[in-house]
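Q: My questions all concern the structure below.
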Amino acid sequence: MKIGIDKIGFYTSNMYVDMTELANARNEDPNKYLIGIGQEKMAVIPPTQDAVTLGANAAFKILTEEDKKTIDLVIFATESGIDNSKSGAVYVSRLLGLSPYLRAVELKQACYGATAALQLAKGHVALNPDNKALVIGSDIARYGLRTKGEPTQGGGACAMIVGQNPRILELEETSACYMEDVMDFWRPFNHTEALVNGKFSANIYVDFFKKVFSIYREKTGAKLEDFAALLFHLPYTKQGLKGLRAAIEGADPKISLELSRQFEFSRKYGRLVGNLYTGSLYLSLLSLLNNSDSLRANQRLGMFSYGSGAQGEFFTGRLVPGFEKMLDKTGYEEMLEKREKISVSEYEKVFSSLEMRAENLELNIDDDPAVFVFAGIEEYSRKYLKK
């Protein structure tokens with residue numbers, strides 16, 4: 001049975017801050033942000049958006065009424081959860097008008113969560129071939145104002161419909177995983193911002209990639225030339241480039257050049273949005289599909305998923321004939337281009353407005369153009385609306 005990604009969608013907020021302006025405000029050389037970490041713009045998430053609404057907006061873009069009839073599993077992967085008990089998947093399922101006769105759960109392992117969700121969805125479809133699963137990776141990356149991690153913030157969500165006979169990417173059976181208990185990045189319950197050992201985490205990322213890529217090649221006998229592109233989790237796009245360089249070290253120059261060229265297509269969206277945590281790898285996939293000028297049916301894509309703490313996995317998929325028909329490049333370009341650039345001071349005000357512990361809160365949703373919005377809190381119960 002062929003199982004994989006039938007549809008993929010993406011959503012981010014309608015605001016961003018320019019990285020050159022942020023660098024200047026922090027008395028940094030702009031090239032430290034533009035080249036050093038590979039970022040041009042950073043999404044700024046307003047108070048009226050959270051992980052639930054970002055995920056719902058991403059899924060809304062790709063769902064049809066027919067999809068709603070066949071989805072019986074919703075997995076919501078996030079490290080930006082809004083409740084210690086109630087799953088974000090329950091809120092999303094209701095907002096999207098899905099059938100109540102389904103499983104709705106939330107899953108967590110840092111930025112790796114959406115890949116775990118994808119693999120679980122694959123197994124679910126294998127047992128229930130007439131049904132589909134909705135996988136969502138949704139997050140808001142927060143490190144704090146004027147911190148070392150500040151330029152690697154961002155936010156948004158990717159949503160995927162997983163089913164048999166997929167129309168975009170058929171997932172192959174073999175993958176390679178590696179886990180190790182390390183403290184490179186974490187966020188305690190009483191923190192709204194993550195704690196991170198940046199250099200340590202960057203090194204662990206590359207080490208994990210080398211391990212799982214080597215294990216995968218040992219399992220399958222795959223050669224570097226068997227991959228049309230290598231995709232990476234991109235907390236910032238320079239991090240993925242470090243992984244790519246580890247893969248192509250000592251390789252045939254022609255192969256290295258082509259994989260490097262495809263990588264540039266895969267990081268285009270990430271450069272303009274920033275860190276999606278769980279959704280970052282899949283934004284990389286969408287960016288490659290929409291921007292590459294040479295992908296063909298049946299080509300193999302390699303994907304490296306990493307979540308701090310730490311978990312890594314390398315897995316692959318083959319492009320399905322006609323995958324181009326399932327894409328909406330123009331729509332996503334318009335979404336990114338129509339965003340409003342806000343000043344650094346405005347960004348700081350928005351960032352500082354997060355309120356997680358309020359008993360009651362009313363938010364002005366008039367300026368948020370999203371379909372789904374977070375309207376406030378009533379007796380500790382979060383209120384979501386479809387506009």
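Even glycines carry a Cβ here, placed using N, Cα and C.
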Q: Which residue of Asn57, Asn197, Asn275 does TrEMBL report at the same (3S)-3-hydroxy-3-methylglutaryl-CoA site as Asp29, Tyr143, Lys242?
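A: Between Asn57, Asn197, Asn275, TrEMBL records just one in the (3S)-3-hydroxy-3-methylglutaryl-CoA site with Asp29, Tyr143, Lys242, namely Asn275.
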Q: How big is the (3S)-3-hydroxy-3-methylglutaryl-CoA site in terms of the longest C-alpha to C-alpha distance among Asp29, Tyr143, Lys242, Asn275, in angstrom?
A: 22
Q: Please work out the helix, strand and coil residue numbers for the domain 'Hydroxymethylglutaryl-coenzyme A synthase C-terminal' (271-357) from the DSSP assignment.
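A: Its residues fall into 39 helix, 19 strand, 29 coil.
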Q: What are the sequence-distant neighbours of Tyr143 ((3S)-3-hydroxy-3-methylglutaryl-CoA binding site), meaning same chain, six or more residues apart, C-beta distance under 8 angstroms?
A: Gly149, Glu150, Thr152, Gln153, Glu193, Ala194, Val196
Q: Per residue, counting other C-beta atoms within 10 angstroms of the C-beta, which of the recorded positions Asp29, His233 reaches the highest number?
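A: Of the recorded positions Asp29, His233, the highest Cβ count within 10 Å belongs to His233.
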Q: I need the least crowded one of these recorded positions (Glu79, Cys111, Lys242, Asn275), counting other C-beta atoms within 10 angstroms of each C-beta.
A: Lys242
Q: Taking Cα atoms as reference points, which of the recorded positions Cys111, His233, Lys242 is nearest to Glu79 (active site, proton donor/acceptor)?
A: Cys111
